[in-house]
Amino acid sequence: MQYKTKAKKSLGQNFLQDENIITKIIKITNISKDDIVFEIGPGLGALTRHLLTKTKNVNVIEFDSEIIPTLIENCLPYGNINIFNEDVLDFNISKFPNNKIKLIGNLPYNISTPILFKIISFTDKIIDAHFMLQKEVVDRITAQPNNKSYGRLSVILQYHFRCSSVMHIPPEVFYPKPKVDSSILKLIPINTPLALNNYKLFSSIVKQSFSQRRKTLLNNLKPIFKEKNIDLSKIPVDTQLRAENLSVEDFVKLSNFLSQ
């Protein structure tokens, strides 16, 4: 494996280099020969090489054009990859095949949340996703109600996916070594999400509810209640609770009530 480039801090690059960890990650993804895989941020091809031993349908989305020659050189003994040299946040999902895909990636810490919100727009095209993320972010995504880590990210992603942390990854296996631990987040799309009258309103209510965590729902959502002239006694959730006390289903109930 060739390392002919310096990691760019501005792009949040940390290259995975531990073969034992890489083997474990590939095993977790459970990729078969007929799967179509899209890897976000392949870097120098540490995971990509191993993906090619499982399936020949490997596509990568890599923003940094300077590392692509090394990526190709590292992967060539294993097979050919289809490369999209572009920003994943601008990636046009029409480039996806008709068949469903598996997503995998070591996501740059500095844009991991925008990437996660991006993939919400094409959940119908995904079998599952496995992403390496900062452990703290994975803990937030998988957190349950009544937990300080539970927040907007938890609610929105858990509405769309079954979210689980499936592997811990120490800093020592990356180059350069990050200052934080990482985890593998597994996402499986929920085929039939809870019925929502207005997704945009739901998203807005969740965001506003967590805007000041120590305040109650009543205080955080008072402007919305006032604007819609809501009878507080009819609201289907306890407005004296804080946002962190409500389940995803509670937020759906609240949103549907306010959309009437």
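Each Cβ is built from the backbone N, Cα and C atoms, and glycine gets one as well.
These come from TrEMBL:
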- Asn14, Leu16, Gly41, Glu62, Asp87, Asn106: S-adenosyl-L-methionine binding site (BINDING)
- 21-191: domain 'Ribosomal RNA adenine methylase transferase N-terminal' (DOMAIN)
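A map of TrEMBL features onto the structure.
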residue	record	contacts (Cβ under 8 Å, 6+ apart)
Leu16	S-adenosyl-L-methionine binding site	Ile22, Gly43, Ala46, Leu47, Asn106, Met132, Val173, Phe174
Gly41	S-adenosyl-L-methionine binding site	Ile61, Glu62, Phe63, Val88, Gly105, Asn106, Leu107, Pro108
Asp87	S-adenosyl-L-methionine binding site	Phe63
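In this view, Asn106 (S-adenosyl-L-methionine binding site) is surrounded by 26 other Cβ atoms within 10 Å of its Cβ, with every protein chain counted. Around the Cβ of Glu62 (S-adenosyl-L-methionine binding site), 24 further Cβ atoms fall within 10 Å across all displayed protein chains.
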